[in-house]
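Lifted from Swiss-Prot, the feature list:
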- R40, R46: NADP(+) binding site (BINDING)
- R129, S130, S131, Q257, A258, G302, K317, P318, I319, S320, S321, R343: FMN binding site (BINDING)
Amino acid sequence: MIRYFTAGESHGPALSAIVEGMPAGITITPKEINTQLARRQQGHGRGGRMKIESDKAEILSGVRFGKTIGSPITLVINNRDWQNWTTTMAQFEKPDEQCSKITIPRPGHADLAGRIKYGFDDIRPVIERSSARETAARVAAGTVARLFLKALGIEIGSYISAIGSAAEASPDKQLEGLLLEGAEAVARQADLSPVRMLGKETETNALAAIDGASERGDTLGGIIEIFITGVPPGFGSYVQHDRRLDAALAAAIISIQAIKGVEIGTAFENARKPGSEVHDEFHLSREKGVIRKTNRAGGLEGSMSSGQTIHLRAAMKPISSLVTPLLSFDVETLQATPSRFERSDTCAVPAAGVVAEAVLAPVIANALLEKLGGDHLDEIRQRLDLYRESIRSTFHS
């Protein structure tokens with residue numbers, strides 16, 4: 001089983017991740033991880049932090065001669081901004097007079113509940129760990145799993161379909177063509193846009209919406225479309241709740257900071273229709289075997305992969321730190337006061353798409369290993385090839 005843990009504070013010395021359970025024999029370089037980290041930093045509407053950081057990952061263990069060796073992989077990303085926070089985030093020295101406590105929670109953030117939960121008299125520790133800066137470590141960890149999947153013909157990609165009220169209808173023909181190449185083709189096309197959108201008109205509207213929100217001291221959320229191609233049918237299980245692939249994928253998406261909703265396929269549209277207009281019918285093809293002409297289920301049926309493209313949609317709320325503050329209160333004086341501003345983005349939806357790709361990779365990798373087993377890439381590839389061939393021979397005349 002692949003699992004990973006992250007550590008580090010937003011303005012601490014570094015972020016780190018330990019990835020355990022990765023099979024041996026996977027080719028990996030810092031360059032591939034750094035490419036994904038750079039993608040995470042892109043997007044119109046990002047804040048001043050992105051001008052400071054230039055995220056690079058260092059691999060400290062689990063790799064020899066450019067290949068994984070089956071032992072835990074340690075990844076470290078240094079925080080360049082740490083040099084400006086050595087007093088506020090000192091690990092051992094006592095705070096001086098300049099290190100004032102934060103006692104005003106921001107609506108929509110972890111501030112108040114985190115302070116209550118851990119008994120802090122200062123909200124700063126809550127801000128530091130709940131920050132979406134942590135997702136840099138998750139992108140690094142997820143990239144390792146992505147490289148494993150890519151070596152087996154499984155790809156993950158995303159694009160942004162809405163930012164604020166700037167939304168585009170599904171670009172069906174363009175999307176269909178890209179997905180035939182693999183999900184990464186969707187991501188490559190999206191990355192050409194500063195808001196990771198596929199339609200030019202919607203991109204223009206989104207850019208204007210972000211600029212308008214920035215001028216007003218406001219923030220914007222949006223909708224992320226994520227695709228996974230190359231997954232054969234039968235990954236996951238209906239037998240127990242904790243083996244359901246749809247549940248694991250949804251949990252991974254909803255674990256991303258500021259993500260408040262997840263949809264599989266066209267689930268919410270399906271809920272308004274009769275079953276005769278929803279379920280993806282089977283068709284038999286002499287050349288292709290069993291095919292579907294629709295994919296409203298999003299590539300998941302009975303909590304297992306169906307063999308179609310897996311499609312998830314994530315809803316990201318507007319970021320909680322606003323230049324124009326909402327109403328809050330001081331937890332020490334219990335006096336009403338405007339909320340405080342913590343340096344943040346106007347819109348981070350494009351970056352969240354990259355994070356979504358990363359967090360789904362370990363989920364698919366675990367479903368694959370649960371089905372096939374194996375400790376070395378060559379062993380697993382051989383088993384997957386046999387599994388795919390058994391499916392092909394069963395349904396082809």
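The backbone N, Cα and C atoms fix where each Cβ goes, and this holds for glycine too.
Overlay of Swiss-Prot feature records on the structure.
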residue	record	DSSP class
R40	NADP(+) binding site	helix
R46	NADP(+) binding site	coil
R129	FMN binding site	helix
A258	FMN binding site	coil
K317	FMN binding site	coil
Inter-residue C-alpha distance, R129 (FMN binding site) and R40 (NADP(+) binding site) (nearest angstrom): 18
Cα-to-Cα gap, I319 (FMN binding site) vs R40 (NADP(+) binding site), nearest whole Å: 16
S131 (FMN binding site): tally of other CB atoms within 10 A of its CB: 19
Maximum Cα-Cα separation in Å among residues R129, S130, S131, Q257, A258, G302, K317, P318, I319, S320, S321, R343, which the record lists as binding FMN: 44
Neighbourhood of A258 (FMN binding site), C-beta criterion under 8 angstroms, separation at least six: A132, G221, M316, K317, I319, S320, A348, A352
Spatial neighbours, same chain, of R40 (NADP(+) binding site) - Cβ under 8 Å, 6+ residues apart: D55, T135, A136, V139, A351, V354, V355
Cβ contacts of R46 (NADP(+) binding site) (under 8 Å, same chain, 6 or more positions away): D345, T346, C347, A348, A351
Other CB atoms within 10 A, centred on I319 (FMN binding site): 26
Same chain, 6+ residues apart, C-beta under 8 Å of the C-beta of S321 (FMN binding site), given in sequence order: R106, H109, T219, F341, E342, R343, S344
